[in-house]
Amino acid sequence: MTWSMSSCVITLFVLFLWRVEDIAEACSCSPAHPQQAFCNADVVIRAKVVGKKVVEAGNDVYGNTIKRIKYDIKQIKMFKGPDRDIDAIFTAPSSAVCGVTLETNGNKEYLFTGKLETDGTMHVTLCDFIESWEAMSPTQKKSLTQRYESGCKCKIIRCTSIPCTISAPEECLWTDWVMEKSHSGPQAQHFACINRSDGSCAWYRGIAPPKKEFLDIEDP
């Protein structure tokens, strides 16, 4: 093999390794119903973003500086979280590692779900439920105050292809993807999976509180 050919092979190999690293670092997560996002989150808040800057967050195992994006926020309401206001949220610097890009002019209101780090800071990723407040349905907004929380013992099963079924009475089948080809379909927009009086779970639609005789509720 000639020197030039060897050099070409080495270059291609290096490029291949870089590409494998990029793929390994790509952000990937399974879509979640808004109720699941609420139940799995440490913090759920409504807020405006008023500032942004890059900050250092220690070093990785190789000694390289870890950078994060810090978004300064103005909290409007907390639906779940610590007994204090959150004034900033942190995210990764790029979408390749699940970083979130937000509008910072202070005009747009968001609903944020995220995790609390050990130092008390709030961290968000593309895998969290982050939505424009204006784009949320009335049912979603109302469910943040009680409905979603009342169903946190239930389990929402995402249907990706037909046939799909539930395997336990405390499960609700989420069919938006197979029916609407969207994870923001009717069940995400208008339904919550909540406990019945017998311990089972079922979809409930609407803003009004469920009646005691919720046992005869119709599935979507």
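Counting begins at 1 with the first residue displayed.
Cβ from N, Cα, C; glycine included.
The annotation signal peptide is assigned in TrEMBL to 1-26.
Spatially close to C27 (Zn(2+) binding site) yet at least six residues away along the chain are S95, A96, V97, C98, T125, L126, C127, judged by Cβ distances under 8 angstroms. What TrEMBL lists as Zn(2+) binding site is C27.
As annotated by TrEMBL, domain 'NTR' applies to 27-152.
Under the heading disulfide bond, TrEMBL lists C27-C98 (among others).
Under 8 Å, Cβ to Cβ, and six or more positions away along its own chain, C29 (disulfide bond) finds C98, T125, L126, C127. As annotated by TrEMBL, disulfide bond applies to C29-C127 (among others).
According to TrEMBL, the feature disulfide bond maps to C39-C152 (among others).
Residues or ranges marked as site 'Involved in metalloproteinase-binding' in TrEMBL: N40 (among others). For N40 (site 'Involved in metalloproteinase-binding'), the count of additional Cβ atoms within 10 Å of its Cβ stands at 14 [all protein chains shown].
As annotated by TrEMBL, site 'Involved in metalloproteinase-binding' applies to K67 (among others). Taking the Cβ of K67 (site 'Involved in metalloproteinase-binding') as centre and 10 Å as the limit, one finds 14 other Cβ atoms among all the protein chains shown.
Per TrEMBL, disulfide bond is recorded for C154-C201 (among others).
What TrEMBL records for C159-C164 (among others) is disulfide bond. In sequence order, L173, W174, T175, W177, V178 are the residues near C159 (disulfide bond), counting only same-chain partners six or more apart with C-beta under 8 A.
As annotated by TrEMBL, disulfide bond applies to C172-C193 (among others). Proximity of C172 (disulfide bond) to non-local residues of its own chain (separation of 6 or more, Cβ distance below 8 Å) is seen for C154, K155, I156, I157, I166, C193, C201, A202, W203, given in sequence order.
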K67 (site 'Involved in metalloproteinase-binding') versus C164 (disulfide bond) - Cα distance in angstrom: 42
Predicted model, mean pLDDT over the domain 'NTR' (27-152): 95
